[in-house]
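Annotated features in TrEMBL:
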DOMAIN    37-73  domain 'SWIM-type'
REGION    95-118  region 'Disordered'
Amino acid sequence: YMFMAEYVVGLECLIKEEQSDGLTQILTVEDGRHRDYIVSVNIREEVLHCSCQKFEFMGILCGHVLACITNDLRSIPERYILRRWTRAASSLCDSLSSHNDTPREVPRHTHSQRYNLL
């Protein structure tokens, strides 16, 4: 749901200004609320950064960056796709659960010790 919301934000964004040094593009992006954000796109290294820092804080690409993905960068780089979003996440959960088939019993005295600490 969060990615879909950011995708919609990206559809509302307008790229106002673009600068490039051949390796990195610096774009000024205006969102639907008329706020400007600076997005840098390094095509060779596949590094994306936005001044809103949503990826750094929440782990999801913002709409400003999604609006700037161009023909030079046709897909979202692997580093921005969290493992929990992939099919591999379910296989990881399956392998973890298969290693721990027998439930552990917690001794009763452990519960009473915790209660006494309160």
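Each Cβ is built from the backbone N, Cα and C atoms, and glycine gets one as well.
Keep in mind that TrEMBL annotations are predicted by a computer and have not been checked by a curator.
Keep in mind the model is a prediction, meaning the values are calculated, not measured.
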Across the domain 'SWIM-type' (37-73), what are the DSSP residue counts per state (helix, strand, coil)?
11 helix, 10 strand, 16 coil
I'm checking region-level scores; what's the whole-number mean pLDDT for the domain 'SWIM-type' (37-73)?
90
